[in-house]
Structure formats: C-alpha cells, structure tokens
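What TrEMBL records for this protein:
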- B:K206: active site, proton donor (ACT_SITE)
- B:L12, B:G13, B:A14, B:G15, B:S16, B:V17, B:G18, B:S19: NADP(+) binding site (BINDING)
- B:K106: NADPH binding site (BINDING)
- B:356-436: domain 'ACT' (DOMAIN)
Protein chains: 2
Amino acid sequence: MIEYRTLRIALLGAGSVGSQVAGLLLRHGEELATRVGARLELAGIAVRNLDSPRDVELPAELFTTDARELILGADIVIELMGGLEPAREYIALALSSGADVVTGNKALLAHHGPELFDLAEQVGAQLYYEAAVGGAIPIIRPLRDSLAGDRVDRILGIVNGTTNFVLDRMDTGGDDFDDALATATALGYAEADPSGDIDGYDAAQKAAILASLAFHTVVPLSAVYREGIASVTAADVESARKAGYVVKLLAICERVIDAETGVEGVSARVHPALVSRQHPLAAVRGANNAVFVEAQAAGSLMFYGAGAGGIETASAVLGDVVSAARRHVVGGPGVAESTSADLPVFDIGKVTTRYRVTLEVLDRPGVLAHIAGIFSDHGVSVEAVEQSASDGEGGGTATLVIGTHTATEADLSATAAALAAADAVVAVQSVLRIEGE
Amino acid sequence: MIEYRTLRIALLGAGSVGSQVAGLLLRHGEELATRVGARLELAGIAVRNLDSPRDVELPAELFTTDARELILGADIVIELMGGLEPAREYIALALSSGADVVTGNKALLAHHGPELFDLAEQVGAQLYYEAAVGGAIPIIRPLRDSLAGDRVDRILGIVNGTTNFVLDRMDTGGDDFDDALATATALGYAEADPSGDIDGYDAAQKAAILASLAFHTVVPLSAVYREGIASVTAADVESARKAGYVVKLLAICERVIDAETGVEGVSARVHPALVSRQHPLAAVRGANNAVFVEAQAAGSLMFYGAGAGGIETASAVLGDVVSAARRHVVGGPGVAESTSADLPVFDIGKVTTRYRVTLEVLDRPGVLAHIAGIFSDHGVSVEAVEQSASDGEGGGTATLVIGTHTATEADLSATAAALAAADAVVAVQSVLRIEGE
C-alpha cells in the first residue's frame, strides 16, 4: 500500500457544478490519487446557506459558511460560486496564500482576469479555468498549450447552449423566437431570466476569455461587440435556409489588419451570423457547443461537446484539479498567462465581413438603381440581388435580398443606416453577417 | 529590451514535418521567446544525408550528420526521423542527458513507449508526443490533462487520413477500392507502398497510444486487433449507404466487462465499421481525422482537424516544444505518464458489438430457417433480415443481409465461421461491425 501525501481541496459553492465536483471527488478519490500521486482530500465546501437543497447528496459535516477559514487551510481552491464578489476576493485570498485556484467563473475572468493572473504570477501559483468556456469541452488547454507554437488567426465559437438550442429549434422546427425560447425554458435549457444568454452577455464573456488567450493580448469585455438573438425572426431563418445557410450565434475572435494603417490588431464580437450548411459548425445541434479554430500552421480544428450541465462541466473542473495537484506534487511555480503579444484591440468597425440585407422596398421603377447606389456610395460592392413581390399587406412593395462582397464593418453599417433612411425603403427587415468562409 | 535565457533545441530529421518545424522555429523565434520567457535556439538539425532536398529552405550550417553530439548539447530534442532505430536510441540518450524530448513517432511509442516513459520519469525529464496521433489535432493533451479527472469509457477515432480519403471517395463517388486508392496515390494522400495505412498498421499504433493514455494502462501494440480496408467493396459501401450508414476505418478503445467473470478490462481494435450517418464522425470527410471520446462525466466530445501534413503536424510539435520550454523556465521535474489503473487488456473476443452480415445463399425453401439456426446456435440474436434475389450470374441464389443484436465478438466470429462452412451459403460477401451507437 503506497502512502500518499494529502492535498487539501476547498470548494466554494455547491450549485449544479459544485455539487457534482464534490460528488466526483468523494467517489473517485482513490482512483484520482493513483493518477496524481497524492490524496485529494475535500476539506470542506463553503456555501451561503447550509440548508439549500443540493443536486448530489453530500456529507453535512463538509459544509461551512466560513469560506475564509476554509481557503486558508487549502492547497487547491475550487471557486464555483459565480458572480463577481465575493468570488474575486476569495480567489485573491487563495492565490495570495499560495494555493492554486480552479474556477469556472467566466464573468469574473472577463471582468478581472488580468489582475488575478498577475497576482497568480507574482506568488508562483496558477489559476485554471477550463470550465469557464465550453463546459466539458477542452478548449482552454488546447489554445494555451497545444497551439502555443502556432498563430491563431480566427476563432468561431458556438459557446452558448441556450441560444444554440433556440436557433436550432427555429431552424429545424420552423418555430418563431418566442415559441423556441418557451420550449428552451420548459426543457431547462434557458433560465427564468434568459437575458444573459439571449442577449449575448454570456457569449461575450467567453469571447473576451478566448481572444485574450488565443492572441496573447488582454481583450477586455468592454471591447467585445455584442448583439443577441432576440431580433432573429422565423422569416430570417427560413430565408437563410433557402440560401444554404443556418443562423448561429457566434463568438468571433480574429486578427484584423486595419485597412487604413496596415497595423495588425485583434477583435472580438458576438452576434447572430449566417453559416454555410457545409461548415462543420452548421452541424452543431441543440444545446451543444463547438469552437472552430483557424491557425496558420494547424489549419482548421474543431472542438465539440456539451457546453453546459453540472456533471459535464464538473469534468472540466476536475481535469484542472488534477493538473493543479500534479503541479503541487512535482513542485515549481505555475506558468504565467501569456499576454506577450499585446496587440491593439480594434472595435468592430475595422472588421471585414459580408452582409446579407433583406429590405421591403417600394415596388416602382428606379428603386433598385437607387438602392444599388446607396451601397456603392459607401464603397460596398454588391454580389447578388434577389427580388420578389412582397406577399405582405403592404401592397405595392417588394422584397429585396442583397448579398455584399467583403467590406469593412464601418462601411457596411453606414450602408445599413443609409438604407434605413432612404424614402424607397419601407423597412430594413434584417441585416445578417455571413461568417466562416 | 528583455534579455532571455537561451534554450538549445536539437532537431533530428528534416522530412516533411521536420523541415516545417525548423522553418517555424526560425521564422517565429522572437514571438515564441516572448511567450515562453526564453529564447528557443535551433542548435542544429541531424540528418542522414546532408544533400537530400528539403520542403523548406534552411541554412546549410544547421545541418549535421552527428546526431549524438547535437543531442548532448541540447535542452530539448525533437525527434522526427521516424522508424524504431536509431530513434529509440537517440531519445534514450536525450532523456538520460536530462533533455526533454518531443516526438511524433507513433511506431516507436507503440513499440517502446513504456520503457521510454519510465526512463523519462527516472531522470525527471518529460516525453511529449502530441504529433503522434491526429496530426495537428490536440488530442494527447486533452486526454492526459483535461480529462484526467474523468473516466473515459470509449474512444472512436478516425486516425488515418489515407483510409478515410479512400473510403470517402468510395462513399461519395461510388469508386471501387482500387480506383479510390489510385486517386489517393495520385493526389499524394497515399504513399507508394500504402500497406501501412491501408492494412491498419498506422491506426493500430495510434490505438495503442490512445488506449494506454485514456485508460492509464499499458496497452501493447500486440494487443490491438487489426483489420484493414482492402476487402471493403463498392457493394459494401453502397449497401451501407442505403441502410443509413457510412463505412469508416475506426480505432476503437473501450472499457469492456468480461461477460464470464464480471472483471473490467480494456480493449483496442482497428477495423472498418458501419457508422450511422447521424453520428458526428460520419461527417468527417476526405483526409481529415477526428477523435470522438465518450467520458462518464463529460459526455461525448469530438476533436476534429487535419490528421497529417507537414505544416499541420509541425503545429503540434511546436506546441509541445513550447510546453517543454515553459517547463524548463519554471523548473521542476516532468509529470510522469500515468499507468496507475493497470487494467487487464482483453483481446477482441470479449468485446461486444453488432454485426451486419451479407450472404449469398442458395435460393431454396428452408435456407432462411437454417441460417437463422446458425445464429441462434451461437447465442447471437438476429435483429433484422433483408432478402433479395441475387442479380449476379449465380442463378438460383439470393442475397441475405442480416443485422444482429449486440453479442460478444467471440460468438459473432464463431457464427461467421459457421456461416462460411454452411452448405446453403454460397459466399459470405461481407461481415461488418456497427459502431458508435
């Protein structure tokens, strides 16, 4: 019988992920010990309310409301309480005391990542966060380590399960947005207040984390452009399908060359986008997540799996716990987060993309020429126009679907604004970007 | 200007991957230095023949034929020469001298992995091998680290690009095997002697590596069951398509419960298999690779990308080089390979699967009952039978396609042997396993 040293693990939070992490640590402790070379002892679980119901039955004596005391006696601290405070304060306390920290708190990392990574580096500890993006999908470690010798050009991520479920229902079932969201809520894929998912806040936090990691550059959450999916209509989805596209909420992180200065920078944005049905991301169904990475040497890679769920996300947390424990066993300081490239972070105006614009226009001679003129006045080249008589109640109107060539977002959005203001345009029905080409 | 310490890198081999690795190290040296915190100096490239042509133009003064001298002066040794000897000897020399080693040599790892990992552990060095499986796809690190806190139940891998290209041509173009292979050769997807790929040797090596890693158990190459794709016919592919399947060469590593003893073990096997068109692996086209992982907590994950190619595989090598370099910078010994579980390795007989058997039988009364009796005599339950008159030249024969329920491979293969020996059976046209359900 081998005698192992013991590593003390403090768990903060016992929600859907935390309670599963505790359960796995207790059930698989022996197996993990032989993998790590140390016994992983769950020293305690700090919660706000000792009497809250838990998804997993756990020994009552593990629970405490004194997070600080628990943290100060731990080698590894797992933060799964969520929110900004006191999570930030507790992580800082843990790192300062020399403990490694494992977190799945994307909001905290998007807001306070740089200060926490700096603190970890100063004390030689390490902050792990595989569970913060893509649930069970290993994406942080591949970006951080496997692609560390390569140059990532672009990431296209389906990183929010709720919105992918809603858009998939709209695509496959023909539902409108409200019905699809109601189904998502009924099935537990959407929260009671779904705005954090639907409006793209969750995806934007993940975009900030992915962009910072992939480009070795601090990309603050405030620099992430964000549009949600609430304005996507059944008609948009149907029209996209006919044209060979599927609508997905994408988190897009990419290198961008400033057309005016030639300077290379990075950008991060979240918005609904048209994706070709031939693209691997088009096949990501239901509440699944996938991250598609384009790197200069590696080419195209995709990482696919469950983007949420208590037990699934617990797998990612435990992977980090094992990494932290192995590091404790072999010794030596943690590896600092690399922000060495420090590239300029551009706003969305400098991004180049393509638009697919659907307009309701007055059905009279000269309108098409007028509309085409608005595009060319803004330096945007039209690739294709499709005109059909409107079947609405408007009478005397027609529907125009215009696809553009690649142009800067600034020119494209100015074009869209000018279209909205044009007399001949009754309504701008939708403006969707085409991505993944 | 920061002054970095220098890490000396020795490269063994300058073939399609090696020359790209050298090119990337030279071109991106400065960028990598800021990520690592050390300068990565390509100290030299050991080759057999100084005058061989290279894919990438490299400074002549880097080349040497004296591998030993180069190795003994290096902090990190990259072995990309392939083959068993002298690669094994050089890696052992490098590890013994305290250098970390990065290799893409799957044959060597499949044959001598355990002894090399032991040696690395003894001296506190580390042996990295992300490039050995799946080319550019990060799969070693996710299995080793991200899923280290989980339990992998099964891996289904498309890990050989040549065979996937050939089978994809047969599926989408209706080519027969010889034509598809000729196309693969013409396009550079198959080597002049394609037997290592076509007969499944390459995939079997990768299966041994994946199974050892995923199950924390040494799975020797000799324990990997292997069948190639040379006997897959256009008729098999067409029949599979009509039934909603696609034929893929899979490397399958899984936990298996011995039906007789109840003991849990692991198995690894490589053979053509029928995969449902709804399965994510069915969409892996051309020479691409993908590894589908089923884990107890994480659920289903898939890792997809280019499985071969000089520059693509060089990305995986450089990721390992950066990991090794970061480890040198922070100090401390390497993390040993975990074989802690030490599960029994079963041969394919204990595996349970389903068969789809196509028979040419005499078209006379009582034959179906006779055939059905052969299945039931071996304890194999028939799920579906499809009979059609043969359109061949046989006259008086019919084609029977029989799908079975799940049974042990031992029972299924005994059934297949009995069918081949039955008087009523003119020919066993194909026996294919159904996987991924």
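Cβ coordinates are placed from backbone N, Cα and C, and glycine is handled just like the others.
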For this session: Can you grab the distance from B:L12 (NADP(+) binding site) over to B:K206 (active site, proton donor)? Cα atoms, rounded to a whole Å.
Result: 21
Exercise. Per 10 Å Cβ neighbour count, which of the binding-site residues B:S16, B:S19 ranks highest?
Worked result: B:S19
Seminar exercise, completed: Smallest number of other CB atoms within 10 Å: among the binding-site residues B:G13, B:G15, B:G18, that is B:G15
For this session: For the recorded NADP(+) site, whose residues are B:L12, B:G13, B:A14, B:G15, B:S16, B:V17, B:G18, B:S19, find every other residue on that chain with a C-beta no more than 8 angstroms from the centre of their C-beta atoms, and list them by sequence position.
Result: B:L11, B:Q20, B:V21, B:A22, B:L80, B:M81, B:G310
Seminar exercise, completed: Reduced DSSP state (H/G/I helix, E/B strand, rest coil) at B:K206 (active site, proton donor) is helix
Exercise. Under DSSP, the domain 'ACT' (B:356-436) has how many residues in helix, strand and coil?
Worked result: 24 helix, 36 strand, 21 coil
Problem set entry | Residues that sit under 8 angstroms from B:V17 (NADP(+) binding site) by C-beta distance, when 6+ apart in the chain | B:L80, B:G104, B:A131, B:G310, B:T313, B:A314, B:V317
Seminar exercise, completed: Across every protein chain in view, the count of C-beta atoms other than its own within 10 A of the C-beta of B:A14 (NADP(+) binding site) is 28
Exercise. How big is the Cα-to-Cα gap, in Å, between B:G18 (NADP(+) binding site) and B:K106 (NADPH binding site)?
Worked result: 15
For this session: Determine the mean pLDDT over the domain 'ACT' (B:356-436), rounding to the nearest whole number.
Result: 90
Seminar exercise, completed: By a three-class reduction of DSSP, B:A14 (NADP(+) binding site) is assigned coil
For this session: Out of B:G13, B:A14, B:G15, B:S16, B:S19, B:K206, give those recorded positions positioned within 10 angstroms of the residue listed as 'NADPH binding site', comparing C-alpha atoms, in sequence order.
Result: B:K206
Problem set entry | Distance, B:K206 (active site, proton donor) to B:S19 (NADP(+) binding site) (CA atoms, angstrom) | 23
Exercise. What is the separation, in Å, between the Cα atoms of B:S16 (NADP(+) binding site) and B:K206 (active site, proton donor)?
Worked result: 20
For this session: Please list residues from the chain of B:K206 (active site, proton donor) whose Cβ is under 8 angstroms from its Cβ, counting only those at least six apart in sequence.
Result: B:K106, B:A110, B:A132, B:V133, B:G134, B:G157, B:V159, B:N160, B:A251
